[in-house]
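**Q** Next up is a structure, given as structure tokens.
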């Protein structure tokens with residue numbers, strides 16, 4: 001067995017060194033494109049823990065590999081963890097990159113592979129630091145390099161290391177002081193008194209805090225050289241645009257112009273309105289029907305009505321109201337509403353009239369024949385419930401006014417889009433199943449939800465084609481446009497709808513929920529026309545649930561419905577959350593990972609404290625030691641525990657020899673006393689003469705000594 | 001039973017007053033005495049062999065005889081001889097030194113095989129045959145024979161088959177510096193053997209002989225003994241392994257040793273401790289091994305290092 005005991009003290013030292021290593025990771029997001037630094041940190045923490053617990057080499061290797069793969073999975077991979085597809089992606093990526101390395105094409109290495117190498121580096125570092133801390137008891141080398149690293153970062157890159165250097169100073173010197181104590185007591189063991197270490201720690205920490213405080217408070221002379229960063233940036237042409245990709249970044253939100261879609265955007269959490277009601281559907285703004293190849297425009301007649309008649313008579317609906325309170329600086333001359341609008345009431349404006357575009361569904365407010373921007377309004381609307389049977393039974397005989405407006409496609413639309421749509425829907429024999437097939441395709445693992453690194457198609461390129469066949473990365477506009485266009489290639493009338501998702505729940509007011517909708521909730525989706533049903537909304541965007549109710553009347557308890565419910569749960573997740581948690585953006589819930597993680601950590605804790613648990617268990621188990629049989633079992637349990645703790649009895653060793661050896665190690669006579677009792681029982685057949693409580697306490701002492 | 005054992009303790013302490021630092025040898029000698037066996041001591045002269053035997057004899061109140069074996073010693077010098085009594089006109093038997101209780105047979109390899117076999121017959125059969133008449137020996141009959149390992153000229157080494165008449169083969173060894181200093185101090189004025197009093201009567205020894213038979217030997221112990229013995233029969237360095245007589249000897253010795261150690265049951269440690277003393281002189285090593293440093297003792301120890309010591313099963317006691 002290893003002679004170094006894993007004491008809490010060593011653990012503290014090792015964790016301090018971990019924090020020191022983390023100082024290397026902290027600047028990364030600022031100076032490079034590295035994202036997901038918390039995942040790297042967590043991975044490194046896991047490696048450190050694994051190394052510290054001192055598993056056998058194959059266990060360490062296994063855990064580290066598993067940790068690396070899981071972290072990579074969190075960052076990059078969207079397939080189900082450990083599924084065949086997942087392995088395909090992984091192995092494909094690795095072989096491709098190995099190929100690049102062999103050919104010297106270093107610049108071609110993918111982020112995935114570089115991250116993998118980075119994890120390997122972290123794993124090696126965790127072992128190296130373990131060696132420094134636990135075996136060599138020296139850290140100066142690493143400490144100096146950390147300081148140099150931060151200094152270089154601070155000087156030549158835009159990273160501000162002022163606080164980092166203070167943290168490193170304190171961490172590094174505390175570590176050095178504690179390691180120095182370890183080395184000193186190695187030569188002067190008499191210093192290893194109880195409480196001495198704590199005093200040493202407090203003294204050195206106090207000294208360091210004073211030193212750091214003086215350092216921070218003291219006046220500092222200005223830098224001798226001018227800051228090289230602006231110079232470097234101007235020379236290299238970097239920097240002024242925040243590094244990269246600033247050309248197409250815009251803020252998310254609701255706008256009228258959708259002619260050019262694409263490009264990334266920044267999240268904007270400024271509120272748009274607060275809705276009070278019991279709706280859980282999206283808020284509809286308007287629909288557009290002409291796809292230009294780059295975006296959407298509208299060319300429908302301006303016919304208006306007093307309500308939006310989205311659904312046919314046959315659709316089961318429920319009439320509800322919702323109150324919408326616009327944010328201060330937000331004003332639109334039309335209203336946002338869930339479901340199908342029936343009427344709008346504006347307090348103080350009894351004459352207000354609502355004119356709903358028959359095609360767009362845009363509900364303009366008109367007061368005295370002029371457009372009006374209401375600050376507060378109450379919408380009465382119909383919330384539909386679609387029967388899947390009804391949708392499947394719906395024919396494909398669309399009225400002319402529908403086919404004339406909603407089947408348009410650009411003349412130069414790439415044929416590949418239509419071919420893909422055909423291929424995806426070849427198994428479906430009705431419109432509803434086709435639509436579902438296409439929608440499902442976008443939920444597949446090929447597509448990534450992202451709002452930042454989004455391409456803008458060039459003048460010659462088609463927006464949908466680029467998304468479907470090149471990038472497969474995007475947000476709601478990409479998904480909804482692609483779905484609408486694909487369906488149109490199948491002669492299914494569709495339109496592109498924009499509005500807002502449900503928003504964040506602020507509070508529950510009786511049965512009415514108060515929802516805050518911000519710019520970040522701006523969204524777009526698809527409506528598909530079904531004869532005798534009307535316009536049915538669908539949600540192709542990854543990570544967003546369907547907001548309409550589809551009811552399977554034949555068997556409500558079927559798994560289909562359950563999926564629906566699950567999806568409704570994820571519906572609340574907003575764009576912002578999506579961006580942060582890549583794993584959550586997939587259809588799969590995060591629970592298995594959380595449970596798995598807890599189990600793993602629990603397992604490690606159990607493993608680390610296994611002796612405590614075992615000992616506690618044994619002490620309870622054999623509390624009633626009052627006869628020879630119980631003693632025998634307890635004694636054998638003790639032998640087993642000793643063996644597990646690394647004090648294995650050699651097979652040629654008699655119990656007495658073993659007991660003498662142990663007593664030598666533990667500096668007691670307990671084991672030999674227990675052995676003599678055992679011998680008496682087993683070799684002498686004398687079972688009724690021990691003072692069992694006393695024997696138990698001897699046994700208890702021995703058990704407690706193990707690993708002590 | 002406990003009385004007898006505490007008396008044994010007194011014997012050991014008594015002997016230790018004369019023989020310094022030889023506790024193991026004293027215990028082993030007593031073991032052989034209680035197991036009704038005999039001891040072969042192989043060591044140079046002057047290390048206290050005689051003193052130990054004498055002290056044991058005195059402590060138990062036994063008659064002590066010493067036979068110095070020389071090349072011209074005749075069997076009758078050992079066993080005794082019938083002499084014609086002129087007065088009674090009858091042959092009268094004059095018992096030889098072997099008719100005593102505790103006998104020191106010094107340098108038995110110096111005498112002729114004929115005389116040796118007279119002694120060895122006595123060891124095995126517990127009787128001697130003189131002039132065609134069988135005469136029983138004393139109830140307590142304990143021989144400690146010595147062999148000088150240094151001189152080989154003019155010696156008649158004991159045949160291997162006869163060596164296993166001895167229960168144990170011991171070595172005395174030199175005392176340590178402190179022990180020898182202690183010996184000097186004790187013997188400065190007069191020899192302590194002269195003051196030694198008997199702490200036991202012969203009857204006590206007879207009682208102990210019986211009690212030793214009742215020392216419990218568990219199945220697992222017997223298995224352990226057998227595994228050691230079996231191993232000697234298949235070991236590649238050994239030409240001839242331990243005979244069943246050796247197996248019995250090991251068990252008897254273990255029983256007696258447990259008794260000396262104040263236990264009424266044998267533990268594996270007894271077997272493991274005694275095996276080299278009981279078994280090493282019963283082995284016939286292969287001729288090429290005999291040329292090397294390897295002795296029977298080291299081979300037995302090697303075997304013990306590889307054999308599994310059986311623990312009793314958990315279910316043994318309910």
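From the backbone N, Cα and C atoms, a Cβ is placed for every residue, glycine too.
Straight out of TrEMBL:
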| type | residues | note |
| --- | --- | --- |
| COMPBIAS | A:555-580 | compositional bias 'Acidic residues' |
| DOMAIN | A:468-542 | domain 'Transglutaminase-like' |
| REGION | A:546-581 | region 'Disordered' |
| TRANSMEM | A:12-29 | transmembrane segment |
| TRANSMEM | A:35-55 | transmembrane segment |
| TRANSMEM | A:62-87 | transmembrane segment |
| TRANSMEM | A:112-133 | transmembrane segment |
| TRANSMEM | A:140-159 | transmembrane segment |
| TRANSMEM | A:165-184 | transmembrane segment |
| TRANSMEM | A:196-218 | transmembrane segment |
| TRANSMEM | A:590-609 | transmembrane segment |
**Q** Counting only residues 6+ away from its ends, which parts of the chain sit with a Cβ under 8 Å from the transmembrane segment (A:12-29)?
**A** 35, 37, 40-41, 44-45, 48, 52, 122, 125, 129-130, 132-134, 139, 142-143, 146, 149-150, 153, 157, 159, 161, 164, 167-168, 171-172, 174-175, 178-179
**Q** For the transmembrane segment (A:196-218), which partner among A:35-55, A:62-87, A:140-159, A:165-184 gives the most CB pairs under 8 Å?
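**A** So the stretch in question is A:165-184.
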**Q** Across the whole of the domain 'Transglutaminase-like' (A:468-542), what does the mean pLDDT come to? Round it, please.
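**A** Here the mean pLDDT over the domain 'Transglutaminase-like' (A:468-542) amounts to 84.
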**Q** DSSP-wise, what's the residue breakdown of the domain 'Transglutaminase-like' (A:468-542) into helix, strand and coil?
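**A** Computed counts for the domain 'Transglutaminase-like' (A:468-542) are 21 helix, 36 strand, 18 coil.
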